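Residues or ranges marked as Cu cation binding site by TrEMBL: A:C87, A:C91, A:H177. Annotation source TrEMBL lists disulfide bond at A:C87-A:C91. Annotation source TrEMBL lists domain 'Thioredoxin' at A:49-207. The signal peptide annotation in TrEMBL covers A:1-20.
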Amino acid sequence: MTLKRLLLLPALAGTLLAPACTAPPKEAAQLPILGERDIRPRADGGPADTLATPVPAFALRDQAGQPVSNATFAGRAYLADFFFATCPGICPKLQSEMLSVFKLYPTDARLGFLSITIDPAHDSTAVLRDYAQRLGVPDANRWHFATLGDRAATFTLANRFLTGVMPDTQSPGGLAHNGTLALIDDRGYIRGAYDGMNAQEVARLKAELPLLLAEIDARKKGVAGR
Amino acid sequence: MPLRRLPGFLLLLVLLPGCFSNNRHQGEKLYAQHCANCHGDKGQGIGRLIPPLAGSDYLVDHRAELACLLRNGQNEVIVVNGIGYHNIMPGNKGLSPAQLTNLLNYIESHWGNEAAPRTISEVQAQMDKCH
């Protein structure tokens, strides 16, 4: 009897402890939602709600002369950056990094590409088309090189995509800006912002992109997403 | 060695590296700092936007003009390996003849480029004739 009890004890302990060893069902890793927050005061005076906001509505024209808007990317993820065709500073590096992502998904309809010029006065449709072709992007439907037309409005839009832009006579090309690659999801939320000038950041983008694509796939299948 | 000389000897050991310049690999560092954004880590260029430096016929054919090109930049159509490029290349007015020499020697001895090394006086002489 005593011996039996002695044997029973470890068995009991094992039964109790076993659930702790099995991992809880894993939720798929999800990217955070970045960008502007909308603060909505509550009617009852309680703590205000802080809501994620999608990127604002935009109406651009691309290198094929076609309109590009939020609707162009409806139901799809897209990668966006800001550049200008004559930029001798960071743009070539930024665009070559974006190109390296593009080459991973050359025909994947789930992911679009958008480069918006911050020098709309110079970067006409023809200039953008020449730029795209020289970069090695013949298909305007895959990667839109687009202009908003108005410079000040472009700068405001850039800020909402987490790119800082300002005129600066000291900078090559007269515009100072940073090289953010912004990853936007199918609902317009910014899900990643990566420094295109930093190889590790670009590697992080390439590692995180499949997570977002999987999330969107799951959403389309009707599985609960975020 | 008497023990009382030891501190002096140790001090010498600590200070000795200061006597040597840190200019080794200066060309490579300057390339990463001033050129690689556009011309690429391996001189590959970008599509038809930025001409390659690796295996570039322009480097061979225009050897004597390269010091001035780096110093002043350029904004003309430039034909490299049969392809026309037209993008602004910024100048580098702040680079000394010695720095330009190291930079050119780095570019001209990598990625399949095999030009003879330049001397500082050679580069200085070319720069004296820059427009």
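Note that Cβ sites are derived from N, Cα and C of the backbone, with glycine treated the same way.
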Fill in the blank from the handout: Taking the centre of the Cβ atoms of A:C87, A:C91, A:H177 as the Cu cation site, the remaining residues of that chain with Cβ inside 8 Å are A:F82, A:F83, A:F84, A:G89, A:I90, A:L94, A:I118, A:G173, A:L175, A:G179
Handout entry: binding-site residues: A:C87, A:C91 - member with fewest neighbouring CB atoms within 10 Å
Key = A:C87
Practice task
Note down the number of other Cβ atoms within 10 Å of the Cβ of A:H177 (Cu cation binding site), including every protein chain shown.
Solution key: 25
